[in-house]
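According to TrEMBL, the features are:
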TRANSMEM  B:6-25  transmembrane segment
TRANSMEM  B:34-54  transmembrane segment
TRANSMEM  B:74-99  transmembrane segment
TRANSMEM  B:111-131  transmembrane segment
DOMAIN    B:132-428  domain 'NADH:quinone oxidoreductase/Mrp antiporter transmembrane'
TRANSMEM  B:137-155  transmembrane segment
TRANSMEM  B:212-236  transmembrane segment
TRANSMEM  B:248-268  transmembrane segment
TRANSMEM  B:280-303  transmembrane segment
TRANSMEM  B:310-332  transmembrane segment
TRANSMEM  B:338-359  transmembrane segment
TRANSMEM  B:417-442  transmembrane segment
TRANSMEM  B:462-483  transmembrane segment
């Protein structure tokens with residue numbers, strides 16, 4: 001029971017903390033910052049404390065009558081990994097925020113939404129019920145929107161527009177999938193669904209496609225990634241860090257739930273995810289090389305890394321009973337990516353904090369004399385490119401092994417292509433990070449000579465140092481995480497137990513080859529073609545700006561066309577009804593205005609009695625109109641004769657109907 | 001408590017004897033007081049009867065201690081007790097209102113006559129509700145028809161006489177048809193007591209199928225005329241719009257309803273459910289006529305230019321609802337019908353009284369002349385608004401509850417399509433009630449030159465209307481209990 005309460009506590013703590021923090025912040029900013037750090041610290045601590053219980057088995061909790069069908073929460077090892085890394089990153093970024101945000105406005109709003117986002121993210125990872133998951137997912141979209149537009153300048157608003165419109169459309173598609181799911185299976189609980197989906201016909205592909213599109217928007221799968229390179233740079237750095245490090249993972253979490261748990265790693269779906277993964281990894285890496293804004297490079301890098309994770313998810317399905325290695329690889333990479341991507345973002349944030357500039361051309365040579373920052377960035381760089389001794393090496397090796405195993409299993413020539421793409425994408429990673437590193441930390445610049453030292457406070461450095469320590473520690477002792485990951489095997493129907501040796505000559509060699517390729521790409525492509533001399537200063541150019549842009553050239557025109565055509569159709573319907581009514585009323589008016597020549601005197605004289613109205617009208621006008629006739633009719637209808645007449649007819653009709 | 005068994009007869013006697021004493025009292029004031037007193041006493045007695053019946057169940061009362069086939073019998077169940085309470089108390093409130101206003105509408109020397117007629121009318125209606133004897137009912141019907149004509153013509157204007165003649169002729173035809181129906185039944189069964197007729201009929205109805213059908217048809221048409229079933233409503237707009245407003249309230253709220261009660265009695269007590277279910281065409285016809293009334297009544301009301309005629313046509317629509325409920329032929333339909341009778345009696349009398357005070361104060365009957373009335377008589381129009389909202393069917397108010405129950409009844413009776421009729425009719429109701437309210441309260445050009453509260457009646461004179469509105473609110477708020485009580489009544493009917 002205590003653990004059930006704990007689950008509720010870790011869900012509610014940030015949500016309540018957001019409100020309390022906001023209230024405190026109205027009085028004193030310093031207290032609020034301390035409060036937030038303590039809160040996230042406490043959250044992290046609680047999550048650490050319940051590990052022992054979670055390791056022995058999942059904790060489930062059901063509270064009826066919330067959100068209509070009840071709140072169904074579950075915490076097992078699989079979810080625990082996500083939650084642990086979420087709370088860790090949040091704790092560190094909160095510490096970092098207190099330093100980073102000093103010059104920003106609306107800090108109180110930022111912290112409130114920051115904490116709400118934490119609560120809803122935790123809610124996503126805890127939900128055992130897809131409706132709960134969807135609800136938290138939407139809350140998270142809206143609260144993180146407030147973080148994206150925090151600067152409230154034009155660029156931030158444009159990015160926010162992309163972000164929120166994609167998120168809403170994705171959410172609606174997701175909801176449609178959920179409706180179909182509920183309609184066909186009558187349940188939205190994740191565990192029963194995995195049983196029930198088997199018996200469903202081809203409709204299950206439609207349902208899972210809708211769900212994957214919905215989650216895929218957040219996970220930035222191609223071609224739904226257009227918001228990501230805009231939103232991540234637009235947000236304040238701690239927010240970009242969590243967007244890239246954690247929020248993208250909520251989409252990944254959803255995709256894992258759909259593909260690997262609900263669909264039990266269906267072959268078709270896994271293949272599709274695998275292919276999307278390769279596209280993501282290649283395209284993200286390729287585009288990252290052209291960018292000049294550091295945060296944008298890192299954002300595209302996230303996209304590329306998501307490609308690795310998607311590839312892992314695809315392989316979980318494809319490897320069937322031998323999927324243990326793919327499971328390890330995927331979850332490990334999710335974990336790692338959160339760590340090193342946040343570290344890199346925080347490094348970029350430090351630069352921005354001092355210079356308010358992110359373009360490589362402007363900050364060139366800034367880090368030449370900043371040794372601590374240089375080292376921290378280098379650690380992140382080594383981690384992400386998979387240098388032996390860092391955590392990225394472990395997960396990339398695992399992913400590579402999983403791919404090799406799939407190759408071995410299927411003997412399909414496409415896997416050769418896949419290996420090539422994998423290697424090239426990894427080299428891209430090396431190349432675009434070298435681009436940053438060389439430009440910012442190696443090149444000489446007359447502007448920056450080691451000043452600005454006093455700008456950096458310990459509060460900003462501690463989280464980065466902590467992340468670096470974790471990165472190196474688990475890079476050197478990978479088995480700690482592997483042991484934890486073992487608990488998730490049951491969920492994915494994996495049985496094998498692997499005890500890989502990472503630091504053997506083969507793995508290190510392949511890692512080195514990749515890095516070597518990366519150097520070649522950097523020197524041969526980036527330095528040669530993307531670096532131009534202008535006024536004696538080296539300047540990086542970005543030709544990709546002129547290329548085909550999905551958002552500008554496809555989505556917006558299509559959306560505009562859809563909007564215009566649908567508004568056109570509705571306008572036709574709308575105007576049509578109004579016109580019809582007008583037409584009918586006009587024609588009725590015209591009809592009532594038709595003038596009939598009044599009866600000749602001879603006939604008129606035959607009439608013995610006339611109602612007053614008739615007499616008056618006839619005397620006045622030569623013509624009588626339809627409305628006059630109506631008037632006379634009304635007069636007649638009101639008479640006693642009519643009453644008796646109706647009565648007689650009714651008697652005849654009623655008795656007739658009854659008797660015959 | 002057994003003395004309560006005498007109360008129904010006592011009520012009728014008090015009212016009738018009171019009616020004949022009144023002409024002897026020369027003074028107007030005494031007349032009013034006496035009439036109010038008799039109706040007040042009868043409503044108190046009705047309340048006691050209701051409590052008694054609710055506790056001890058239905059009872060039969062032998063008038064003059066003659067046993068049933070020979071003597072006249074009164075049968076009082078929960079429904080009859082509720083209806084008698086409704087009739088007497090609403091009549092009491094209307095009379096209370098009329099005390100302040102009646103001189104403004106009729107000549108002084110007619111006041112005494114008016115109150116005499118009111119007493120006779122209420123007594124006769126109660127007789128129709130109570131009696132278990134066909135011929136006795138017929139007599140009461142005739143008495144009530146004459147009295148109703150009397151309270152219309154008491155105004156002594158040209159159009160009143162015209163309207164009364166129309167009403168009298170059609171109403172007499174209706175009575176004649178009812179009499180013919182009774183004759184058919186008597187010739188088949190040789191009885192006039194409803195319980196006995198039912199017993200006889202249930203054994204022999206197969207042999208006299210056509211006669212029974214014809215008599216059913218005659219009763220339907222005959223009582224249909226009297227209770228303004230569409231399209232037999234032709235007399236109603238003239239009669240109700242020309243009568244003094246208190247008379248209109250009485251006619252619309254009470255007189256129409258008594259015949260419906262009698263009709264239900266004929267259907268379910270005299271013929272019995274068994275026979276009625278043999279001829280589904282009858283109820284279906286009533287249902288169709290009811291639906292037609294609901295829609296046509298409202299459409300005709302929209303076309304009217306005279307505010308009292310609007311409300312009179314609205315009565316046609318509301319009687320459509322009541323026949324609709326009967327036509328559904330299931331318990332819930334019948335329960336809704338009874339609830340709607342209560343609801344309509346209270347709301348419609350409130351409407352007529354508010355409109356009456358507007359006409360009295362402004363001297364205008366036309367809708368366009370009453371624009372901006374909300375500034376001059378805000379409280380009166382406010383009361384009107386509440387009643388109008390109830391008519392349209394805004395939740396909490398009783399109108400909504402009866403419409404809701406009608407809808408449920410039609411769905412349960414497998415006639416879901418008729419829910420559409422209810423919805424359309426509600427919409428049409430809104431179409432003619434809301435413009436009155438909106439033009440009354442809003443519109444710059446409407447309010448121009450009007451002085452705030454310049455024509456408002458005193459609270460003392462508005463009190464009766466307020467009582468009616470409060471009663472309506474209570475009816476809406478405690479609808480569950482009342483509906484439960486009515487259902488119990490319908491079970492034992």
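Numbering starts at 1 and runs along the chain as displayed.
Quick reminder: no glycine exception, Cβ is built from N, Cα and C everywhere.
TrEMBL annotations: computationally assigned, not manually curated.
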Cβ-Cβ under 8 Å with the transmembrane segment (B:74-99): same-chain residues at least 6 beyond its ends: 8-9, 11, 32, 35-36, 39-40, 42-43, 46-47, 49-50, 52-54, 57-61, 63, 114-115, 118, 122, 125-126, 129-132, 194-195, 244, 246, 249-250, 253-254, 257-258, 261, 269, 338, 341-342, 345-346, 349, 353, 461, 463-465, 467-468, 485-486, 488-490, 492-493
Residues of the parent chain within Cβ reach of the transmembrane segment (B:6-25), under 8 Å, 6 or more residues beyond its termini: 31, 34-35, 37-39, 41-42, 45-46, 48-49, 52, 61, 63, 74, 76, 80, 84, 88, 112-113, 115-117, 119-120, 122-123, 126-127, 130
Ranked first among B:280-303, B:338-359, B:417-442 for CB pairs under 8 angstroms with the transmembrane segment (B:310-332): B:280-303
Maximum Cβ pairs under 8 Å to the transmembrane segment (B:248-268) - stretch from the list B:137-155, B:280-303, B:338-359, B:417-442, B:462-483: B:338-359
Top partner of the transmembrane segment (B:417-442) among B:280-303, B:338-359, B:462-483 - counted as Cβ pairs under 8 Å: B:280-303
